[in-house]
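What TrEMBL says about this one:
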- 20-41: transmembrane segment (TRANSMEM)
- 53-72: transmembrane segment (TRANSMEM)
- 92-111: transmembrane segment (TRANSMEM)
- 235-427: domain 'Dendritic cell-specific transmembrane protein-like' (DOMAIN)
- 277-300: transmembrane segment (TRANSMEM)
- 381-399: transmembrane segment (TRANSMEM)
Amino acid sequence: AADLWLVYSKPVPANTRELWTLFLQCSCITVVIGSLFYNWMFASLEYSWHLSIAMAISFSLLLLLTLFLVHPARCVFSMIMPTLGTKQGRKLLLSTCIMIVAVNITPNIIGNIKTILQVIKCICKNSSESLLNSTALLGNASWEFGDAIQKNIDSANIGRPMNGHFQFSLLHNSSLVNQQMHLAGEKIGRDFLAVEVLVKDSVRIGNKLVAGFSMLYLCFESSWYLKNYLTSLHFDNFYITKKLERLAVDRKAAHLLVNSSKTLIRPTGLKLSREEVMLCLVQAMLLTVALMMMLVVVAMDHFAFSVADTAVRKAAQFSVVPIALSIKYRAKIGILPFLSKLFPLFYEELPLQDFERSYHHHLISSSAHCSVSPPMPPSPSVLLVVGLLFCTLYATVFLETYAHRLCRAIAASFFESWEEKRALYLYKKLSRKHKEE
C-alpha cells in the first residue's frame, strides 16, 4: 500500500512500470467514482437513466484524464474524500435526507389526509341521503294524520267541504346533494394533488441545486486548502510531525517540542484543541436544529396515520341513529258550547275517533359502498435510513477535525519538499519564541 501511494503521489512516474501502475490506479478510482456518480444522479437526484449514464461516462473519462495527467489534481481529488467528512459533506448528506423525506414521508402525510377527507365525505353523503329519505316519513305521517282528521270532519256532518290533509313540499331526489358533494370532493382532491406536486417539484429542484453547489464547493474547498498550503508557511501549521521531530533531534532542541505541548498537537493523536472543540459544539447545535425539523415531519406522518386509522375504524363502527315520530290525536265535538253553562246536566260532548300512531326511521352515517383508501402507515425502512444518515452526520461533526488533519497529511505526501520548508518554518518560530521567553 505504501508503494502504491508513493507512485500515486509522485509528480512524475520514474519508469514505465510506475506509469502503468498509476494508470491502473486512476482507472480503478474512475470506475468506482463513476458508478457512485451514476447511482447518485439516478437514485438520489432522480434524473433519467440515459442522462445519468451519459453524465457518468463523460465525468469518468474526464476524471481519468485529469487524474492521470495532472499531479495537483490528484492531490485535490484525494483531499475531496476526507473533505466529505466536513461541513460540505454534511450538506450533501442533509440534502439526501431532505430528498428522502420529500419523496417518501410527505406523500404519505398527504395520502393519510386524503383518507380522512374521504371518510368525512362519506359520512356527509350518507347522512344527507338518510336525512332526505326521512322527509318521506314525515310526508306519510302527515297524510295519514290528515286522513284521520278528514274522517272526523265527515263523521260530524259538517256541510262545508274541507280537506284535512297537510301539504308538504318534500325533496325525494338526492341527486343535487350528491352532485354537490362530488364536486366538493373533486375540488379538494385537485387542491391536494397540486400541493403534493408543488412540494415534490420544489424539493427536487432545490435538492439538485444544493447537491450541485455542494459538489462544486467540495472541489473549491480542496483547491483552496492546497493553494493556502503551497503559498503560506503558517497556514494550518501547528502539528508535531515526524519531520519536525527529526529536525529538533538533529539540532538537539527536543525540549522545544516538550515545552510547546500545550499549543502544538500531533496530527495522528486524538487530542482536540479548544478552538476545535468549540467548533464541533457549534456544528452539533446547528445539526440538532435540522434534526428537530426533520422529527417534526416524521411526527406529522405518525399523527396523520393515527388520525386516518382512527377515522376509518370509527366510521365503520358508527351505530345507526333511530328516529321515532309519534302522533297522538284526540278530539271531541260539542254542539253550541255556551249551553253547557246554562244546562250543565244536559250537555254532553261527543268523542271523535282517536289517532295514535308511531313512525320509525334510521339515520345511517356510513356505508360499505364508500370508496375510502386505506391509511398508509409510516415506512420503517425510511425512518431507519434517515436515522442512520443523521448518526453519520453527527459522527462527521466530531470527525471533521481529523478530516482536516488527513487533508494536511495528503498534501504533505504529495509535496514533500514543501513540507520540509513548513517544518523548518515552525521550528524557527518555536526557537524564536523560546528565546524571547
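Residue positions begin at 1 at the first shown residue.
Backbone N, Cα and C define each Cβ position, glycine as well.
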Most CB pairs under 8 Å with the transmembrane segment (381-399): which of 20-41, 53-72, 92-111, 277-300? 92-111
Between the stretches 20-41, 53-72, 277-300, which wins on the count of C-beta pairs under 8 angstroms to the transmembrane segment (92-111)? 277-300
Is the transmembrane segment (53-72) packed against any residues at least 6 beyond its ends, judged by a Cβ distance under 8 Å, and which are they? 10-12, 22-23, 26-27, 29-31, 33-35, 37-38, 41, 47, 226, 414
